[in-house]
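Asker: Handing you a structure now.
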Amino acid sequence: MKNKRWGIGLIMFGERQAEEPSPPPEPLKEPKIDTTETTRALGVENYENPFYKDQPSSILSSLGSVLVVIGTALVIFAAARNTITWHAQKFWGASGDFWQAQWDKFLDVAGEDPTYLWVFGSTAITFGVYWLFGGIYTFLDVTNMPKVIRRYKIQPGTNEPVDRTKLMKVIWCVLLNQIAVGIPSSYLMYYSMKWRGFPGIRELPTFHWVLYELAIHILVEEAAFYYSHRFLHSKHIYKYIHKQHHEWTAPIAVTAIYCHPVEHIFSNLVPPFLGVFIMGSHVATAWLWFTLAILSTLNAHSGYHLPFFPSPEAHDFHHLKFNNCFGVLGVLDRIHGTDAAFRQTRAYLRHIMMLSFIPPRVAIPDTQLTKMKYWKMQHESKQQ
Ligand SMILES: [Zn+2]
Ligand SMILES: [Zn+2]
């Protein structure tokens with residue numbers, strides 16, 4: 001397990017070992033604390049110091065952080081609400097007439113059969129979004145082009161370019177999940193919505209109601225995904241189901257739903273659908289939400305921390321180390337302390353949306369201490 005956790009460091013050194021005769025083991029020296037301009041400016045000298053022990057976070061301080069996050073989100077939402085309304089009215093017509101007109105045109109062609117819309121509409125949209133955007137990422141992974149994108153790799157040197165055989169295996173598995181598991185699940189989704197009741201197809205909800213529902217969908221997904229994901233990591237069942245998804249310690253976008261069919265149902269389909277079910281969402285709101293959820297998971301698995309994109313560092317770290325960062329937002333990881341190791345790393349400092357074109361690894365580089373850590377790991381693995 002230990003070797004697995006430090007896989008990337010060992011791979012880097014493993015290659016060098018093959019070329020050079022291994023030097024005699026040296027006594028370990030106490031690592032020097034990095035005091036470069038960047039770390040001093042950020043006030044984070046203690047990160048990566050193996051002698052630094054993080055204070056265990058109390059429930060109160062965790063709750064405090066959560067309240068700050070939720071409070072900030074509410075303030076931003078309240079502030080943005082008027083601006084968004086203004087833009088909505090300016091560009092979309094006084095009461096969302098523009099979108100309603102587009103929806104009417106669509107229904108005139110597609111028909112209003114709810115089974116058809118909930119089952120085949122949802123399948124077509126999720127399939128289309130996954131392969132359109134997943135395809136763009138895959139193009140980057142296969143061609144190793146353009147060169148400028150390489151600067152944004154979270155784990156440089158991995159999947160550059162991606163192994164074609166491994167990629168084909170992923171594509172077949174994803175197609176199987178989308179068709180053999182996804183379509184029957186869509187039927188179940190439709191029948192459960194029918195049982196629960198949902199608004200008429202013809203009339204779209206208001207813009208504010210869609211925003212409100214999306215906020216609920218995000219929170220419900222965070223809880224359902226976090227706990228189902230942690231359950232999949234439990235000792236007795238991990239090797240039977242979730243191990244397959246973790247074959248990729250450095251994931252690429254299309255590995256997002258590369259997993260066992262049981263995992264696909266309980267971790268990928270149920271969590272996003274649960275909020276839709278609870279709220280009794282309109283089918284168009286559900287489609288918008290599924291689109292956002294797919295874009296989010298493709299980004300989280302992409303292996304690229306691109307400027308102006310939400311940071312994928314946390315889930316990438318989860319694939320690298322297995323035992324940290326189980327959630328989507330990170331709120332439940334904070335409450336349960338399952339981000340403690342992540343918070344000790346440089347990746348955590350990079351876990352922000354980059355608002356410039358400077359690659360995160362340049363803005364917040366690895367320190368001498370990080371390199372020292374790799375050296376220490378190598379030293380320890382030699383002694384074993
Ligand atoms: Zn994953
Ligand atoms: Zn996992």
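Just so you know, glycine gets a Cβ as well, placed from its N, Cα and C.
Predicted automatically and left uncurated, TrEMBL annotations should be read as such.
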Asker: Can you say which of 170-189, 250-269 is given as transmembrane segment in TrEMBL?
Answerer: 170-189
Asker: What are the helix, strand and coil residue counts for the domain 'Fatty acid hydroxylase' (215-338) according to DSSP?
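Answerer: DSSP classes over the domain 'Fatty acid hydroxylase' (215-338) add up to 79 helix, 1 strand, 44 coil.
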